[in-house]
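Listed in TrEMBL for this protein:
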TRANSMEM  74-96  transmembrane segment
TRANSMEM  108-130  transmembrane segment
TRANSMEM  151-175  transmembrane segment
TRANSMEM  195-217  transmembrane segment
TRANSMEM  224-243  transmembrane segment
TRANSMEM  263-284  transmembrane segment
TRANSMEM  342-365  transmembrane segment
TRANSMEM  419-442  transmembrane segment
TRANSMEM  454-473  transmembrane segment
TRANSMEM  479-501  transmembrane segment
TRANSMEM  508-530  transmembrane segment
DOMAIN    509-558  domain 'Cationic amino acid transporter C-terminal'
TRANSMEM  536-560  transmembrane segment
Amino acid sequence: MSYIGKEDEVQQRPYWRWSKVDFLPEESFQNWNTYLSALSQIYSRFNDRLLSRSDDANEITQLRKQSENDMKRCLTWWDLTWFGFGSVIGAGIFVLTGQEAHRHAGPAIVLSYVASGISAMLSVFCYTEFAVEIPVAGGSFAYLRIELGDFVAFITAGNILLESIVGGAAVARAWTSYFATLLNRQPDSLRIPKGNYLLDPIAVAVLAIAATIAMISTKKTSQLNWIATALNTLVILFVLIAGFAHANTSNLTPFLPHGAKGIFQAAAIVYFAYGGFDSIATMAEETKNPSRDIPLGLLGSMSIITVVYCLMALSLSMMQKYTEIDPNAAYSMAFWSVGMKWAKYLVALGALKGMTTVLLVGALGQARYTTHIARAHMIPPWFALVHPKTGTPINATLLMTISSGLIAFFSSLDVLASLLSMSTLFIFMMMAVALLVRRYYVREVTPEINQLKLVIFLLVIIASSMGTSAYWGLRPNGWVGYVVTIPLWFLGTMGISIFLPQQRTPKVWGVPLVPWLPSLSVAINIFLMGSLGPPAFIRFGICTVAMLVYYTLVGVHATYDMAHQQQKLDALKVKNEDEDKEEKA
C-alpha cells in the first residue's frame, strides 16, 4: 500500500490484497540491509519520535487518506445515546454489585457507585471535548498523539489493543456462562473439557456474529443495538420496581460495615461497570453532526446510566441483608429470597442481552481504534483500509475478532482481569493530562517559561496523587500522609489556574472548571489504580516491556519513515508552488 498520498493510483487498487507492500510499505522494511540500517539509527529515531507530536489537521485530514475510502456519516445523537447504553450496561452491574456489597461495602455499595460514577463522568467530559474538536476514529489514541506525542500514543495504543482483545474475549466467555444459566445448567456445562482447558466454541461464535453485523453496516448495527438495549432496559426497570416493592429499610443497617475503606475498595472494582463509553468517541468520524451529537449522546447516556446503577445498587441492598447476598448470583438469589424464584431467568436474560450489545458496540469501537492506529503505521497499514461498499473497516474488525476469539476459546482470563482494569485507568488518566496540555500549551505560541511551569505543575499533580494512593494502600486508617499529599495536589492545580493563561478555547463544547476537573480525574484514576494491588502492576509492567520491544523493532521505524516521507512531500509541494509563482511572474 502506498503511503505517499497518490490518491488517484491508490483508489484503483482492489480492497482485498496481500502483497508485502500492503503490510510493510515503509523504506526501513524493503530488505534486510535497509532494516539493519534502520536498527543502527534506533537512538536518533527514538529521540525523533519521542518529541514528535501530531496536529489536528493531520489526524482529521491526512491520516484518513490511508484508509482510501471514507466511513459513512450515518449516526445521530439518538444512535450515540443508545450506543452509550449498549456499550456500558452489560453483565457488570448484575455481577459486581452483589460481589462488592457482600465482600467490601455492604449497603454503602450505592456510595461506591456514586464515587466511581463521578470518576467516570470526569473522563467522559475529557473524551467529549476531544471528540468534538477532533472527530476521528482513533479516539484516545489520536488525542494523545496530538497532545503528548508519538511515543506516549504508542504505549496507549498497546493498552487499547490489549484491553479490546482481552476484554472482548472475557465478555464472550461470560456470555456462554449466562446462556447456560438461562438453560438452567451449570455455567461451564456448555464448554468442552480438554486437558487443563475448558474450550468455548460458543464464545467464538458469538464474537463472529457480532463482528459480521458490525462489518456489514454501522447503521444496521445501531438499529439492532437500540432494539436489544431497549429490551434490556425493560429488564432493568423490572429489577428496580420489583426490588423497591420488596424493600426493607432495616437491611440498610449497618450502612458502613467496613468503613470508608470498604467503599473505595468496592469503587475500584465497580468502576468497570462503567467501562465502554470511550467506544462512542471512536464513532465521531461517522457522526453527522459531531459538535452537537457527541455531547448529547455521550454525556446524556452516561448521566442516566450513573443514576440507574445507583438505584440498582440501592434496591439490592434494601431487598436483602448484605451478609446474605450471594456474590455469584446476587439479584437472582435476592428475588428468590422474596418468593420470586422465576425472576432469576429474567435477570440472566437481561445480563445476556447486555453482554450482546457490549459485544456489538465493542466490535465497532475496537475496529475504529485499530483503524486509526494502522493509519499512523504503528501496526501494518493494511488494517487501516475501509471497504468501499460497506464503509466499514473490515480488516481491522477481523484482526480484533480473530485475536479475541483465540483467547476466548482457550482461556478463562482470570489472571488478566486486574490488568484490564489497570490499562483502562491508565488511559483515562493520560486523557485528563492531555486535556490540560491542550488547554495550556500550543506549539510556537506558548512561551518556554510557561511550558516549563506546566510541566512542573503536572508533575506535582501526578506525584501527589501517587503519594495519596500509596499512603491509602499502606495506612488506610492514617491521616498524616494526606496532610502532605492533598495540599500538594491542590497547590499544583492552583498553580496552573493562577500562573498559566489558557492558550486554547474549545470552539463548541468544553470541560467546565478547568484545570480543577481534569486534575481531579488524574487524582481519582491514579488512586483507583493503586487499589488494584501489586500483581496488576507487575503484569502491566511485563506487557509494557513487550510493547517497547515491538516499538524498538518495528513501530519506531514505521512511524519515522512515514513522518519524514510526509515532510519530503510537503517540502516538494512548497517548492513546486514557488516555481509556479516564478513562472507566472
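Every residue, even glycine, has its Cβ placed from backbone N, Cα and C.
For the transmembrane segment (74-96), the list of distant contacts is 171, 174, 178, 218-219, 222, 225-226, 228-230, 232-233, 236, 269-270, 272-277, 279-280, 283, 286-289, 292-294, 296-298, 300-302, 304-305, 308-309, 312, 330-331, 347, 350-351, 354-355, 357-358, 360-362, 364-365, 391: same-chain residues at least six beyond its ends, Cβ to Cβ under 8 Å.
Counting Cβ pairs under 8 Å to the transmembrane segment (263-284), the stretch among 108-130, 195-217, 342-365, 454-473 with the most such contacts is 108-130.
Using a cut-off of 8 Å between Cβ atoms, the transmembrane segment (342-365) and the transmembrane segment (454-473) share fewer than three residue pairs, counting only pairs 6 or more apart in sequence. Residues 78-79, 82-83, 85-86, 89, 213, 308, 311-312, 315-316, 318-319, 331, 334-335, 340, 343, 346-347, 349-350, 353-354, 356-357, 360-361 of the same chain, all 6+ positions outside the transmembrane segment (224-243), place their C-beta atoms under 8 angstroms from a C-beta of that stretch. Look at the domain 'Cationic amino acid transporter C-terminal' (509-558): DSSP puts its residues at 40 helix, 0 strand, 10 coil. Counted as Cβ pairs under 8 Å, contacts with the transmembrane segment (419-442) are highest for 508-530 among 195-217, 454-473, 508-530. Under 8 Å from some Cβ of the transmembrane segment (151-175) lie the Cβ atoms of residues 46, 49-50, 54, 90-91, 139-142, 144-145, 200, 202-204, 206-207, 275, 352, 355-356, 358-359, 362-363, 365-366, 369-370, 373, 376, 378, 400-401, 403-405, 407-408, 411-413, 416-417, 419-420, 423-424, 426-427, 430, 543-544, 547, 550-551, 555, 559, all in the same chain and six or more residues away from its ends.
Residues 168-169, 172-173, 175-176, 179, 188, 224, 356, 359-360, 362-364, 367, 387, 390-392, 394, 397-398, 400-401, 404-405, 408-412 of the same chain sit 6 or more residues outside the transmembrane segment (195-217) yet have a Cβ under 8 Å from a Cβ within it.
When pLDDT is averaged over the domain 'Cationic amino acid transporter C-terminal' (509-558), the result is 90.
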